[in-house]
């Protein structure tokens, strides 16, 4: 039997003291637990109020209000405290509105319009304790004050590996059941190889020859091509020299040097359209696509608006020579990217060109260089716009998820489209003949990749409310008030629709780093260009710029805008047809037998487009001309809606009058058409009543 261990002297007193301390700690813990339970009960009591279900602010807004009250020595509202506590315990996104669908539901929209808006935004249709429980939570990005991590190759590589798949994965996913073309087959017009037409090289000696190559025109006679040898190209790339001009691509000279067989009238029209794209707040990209359509062997291929405009802007801003990009590889990459856009009614290469043009003008108007964007950042912004819908199947992410499409399976139902857009682009870049970034340093390539992916992923509409709320908080902006509207801010735009002349552009310096906020946007001076608060705010603001450009057609001239609306409506109808064939519920406004998205334009402006562009113009006054363009079309759709409502009211009144008249006629007719038996009975009764007094 083991001996009982002996305690050292004083151990019992120490144990008693320790027991007392433990009992005290236990009492404190019990008290804390009881307080926590009491607070939980308080949460339940305070949150179980109908008013909480109507709140549309964010947990971040609530926390800021609490902190402001505390700093001012006021007692915070206990309902706000309970709401903030509940949001934190539920791990909610602090920038996701508490009830993202409440404002839409309370706006008096028709049910299908409200359903369509909420469906597109991923807004919840049900709330619990005033907190959305169905809407997905997404990360709005790093918190304010986060150090710049874009220069860390290891971290960026880890982030990129989780965002996009390897080249083989992207290539295989491109041939999924969605009808996406495989990246390996994307080359030249009609799937052909441009190298076959141009003797193994797409190099050109000036902008006009490059445009001719991008348009897929027959190669000029070899004696007139004046091509450099591959050794000359490598030497030029290593020394930084370029056939586009010394030190800058923007020499302003569009005269042909050795373009040979290029049709002059066609090329002049293309050049004119590209020059207009440089500084036009309203632009017809459909027209650019039309003029860049080229007939080959009596066949007409789709227009090359995207590749031509992309090359032109990169050339005009001097990025080709600055980063020693070989024109051959760039042209080949741009044609491959353009071919990677299926011929959808809306999400096609022309849409990508339209977004690129709008983004370019926004960047010029807001004066984002040099503080928000250096040259590498500008190139990343351009490529983000170019590839932001690359390989789009013309179907929504919800449809891909519902049908277990390979893209949804590959990306675990999380932003399958945006993940694919980025992955397919960088898969192309891994091909040596298209890798236009190979001459950059590792740090530059990492920063470029990170910014492109951050921007493209932000175009997911499921993140719209969260990103916009985060942007408003970062720039200390009040939420958009639909009842007040956008008109006051839009009227302050010094430049509304008119385009500045080429002479004005050249006098201002012709470049993004010279134009600034005041010249294109009509306000401010170059010395007052905005500066980012930190890296997180810089990335967030650039994401908002791309999101606004993605909706840019809402501000185009009315006829152009209406064509985009019809195209989007047809694309949605095509998905509705697929849903009907598969026995799936037809998405709101996707039913071809009913009115489509043209019915929801006012609601889309009220809850998505105008809050976004109004916040952008408030934070960056140079963007006000875009807001003014949006407001013009918004007023048109409001007038259309009012006219439709008036017509419906007149029709309802006429129907009521017709029904009342029919009812008035029916009364005497019922008397005239009294049945004979009933008439005889009535007569007998009357005779009896008359005879009764006589008998008495």
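Here the Cβ of each residue, glycine as well, is placed from N, Cα and C on the backbone.
The feature AMP binding site is assigned by TrEMBL to 347, 348, 349, 350, 351, 389, 550, 601. The Zn(2+) 1 binding site annotation in TrEMBL covers 351, 388, 389, 550. What TrEMBL lists as Zn(2+) 2 binding site is 389. Taken from TrEMBL, the feature compositional bias 'Polar residues' applies to 127-138. The domain 'PDEase' feature in TrEMBL is assigned to 262-644. Annotation comment: TrEMBL describes 1-37, 127-192, 228-262 as region 'Disordered'.
Features recorded in TrEMBL, as mapped to the structure shown.
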{"residue": "347", "record": "AMP binding site", "Cβ within 10 Å": "22"}
{"residue": "348", "record": "AMP binding site", "Cβ within 10 Å": "24"}
{"residue": "349", "record": "AMP binding site", "Cβ within 10 Å": "26"}
{"residue": "350", "record": "AMP binding site", "Cβ within 10 Å": "26"}
{"residue": "351", "record": "AMP binding site", "Cβ within 10 Å": "26"}
{"residue": "388", "record": "Zn(2+) 1 binding site", "Cβ within 10 Å": "29"}
{"residue": "389", "record": "AMP binding site", "Cβ within 10 Å": "26"}
{"residue": "550", "record": "AMP binding site", "Cβ within 10 Å": "21"}
{"residue": "601", "record": "AMP binding site", "Cβ within 10 Å": "22"}
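Note on the domain 'PDEase' (262-644): mean pLDDT across this stretch is 88.
Summarising the AMP site geometry, the residues cited as binding it (347, 348, 349, 350, 351, 389, 550, 601) extend over a maximum Cα to Cα distance of 23 Å. Comparing residue 601 (AMP binding site) with residue 388 (Zn(2+) 1 binding site), their Cα atoms are 23 Å apart once rounded. Within 8 Å of the centroid defined by the CB atoms of 351, 388, 389, 550, the record's Zn(2+) 1 site, lie the Cβ atoms of 347, 352, 355, 385, 392, 459, excluding the listed residues themselves. Of the recorded residues, residue 349 (AMP binding site) and residue 388 (Zn(2+) 1 binding site) place their C-alpha atoms 10 Å from one another. Residue 348 (AMP binding site) sits 11 Å from residue 388 (Zn(2+) 1 binding site), taking the Cα positions as reference.
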